[in-house]
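Record features, source TrEMBL:
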BINDING   Y9, F10, A11, F12, G13, S14, Y128  substrate binding site
ACT_SITE  E88  active site, proton acceptor
Amino acid sequence: MSNVGHFMYFAFGSNLLKERLQLKNPSAVFHCLGRLKDYCLTFGFTEEQFDNRWHGGVATIEESEGTDVWGVIWKMSKDNLDSLDKQEAVDVGMYSPLEVMVETDRGAILCRTYRMNKFRASPPSPQYKEVRTTTLLIQGLRGKT
């Protein structure tokens, strides 16, 4: 399968939910489950964040040797790259994109993901945590949330 015109996106937060991701990124297709090694999942805000539709911290990743973050790898058209960046608030400086190697049953895959800028820890709202946990369970990651 050629990746010309496509990229792989590693989601670990609310974009685990296909219906949410596909609202603005209709090309997103489930590829496989993945594990990002030597990172941890954490929740919070940026220092400048004022609008918070989730009413609590949102997911980000931080480097952390010996820990893993489980998520979903989506195959997406490069035509949706700008809309994904906008959904991740790259344009207002909330998140920055980065490339990471994600471990899968099919081998390591180079993926685009996002990390929060100027992170300040804050617990997630029950709604946000439920979306993430429920979606991981649906995708078959029981016990890895």
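In case you wondered, yes, glycine gets a Cβ from its N, Cα and C as well.
The residue listed as 'active site, proton acceptor' and Y128 (substrate binding site) have their C-alpha atoms 15 Å apart, to the nearest angstrom.
Residue density at S14 (substrate binding site): 19 other Cβ atoms are found within 10 A of its Cβ, drawing on all protein chains shown.
Secondary structure at S14 (substrate binding site), as computed by DSSP, is helix.
Around A11 (substrate binding site), the C-beta neighbours below 8 angstroms that are at least 6 residues distant in the chain are L21, G71, V72, I73, W74, T113.
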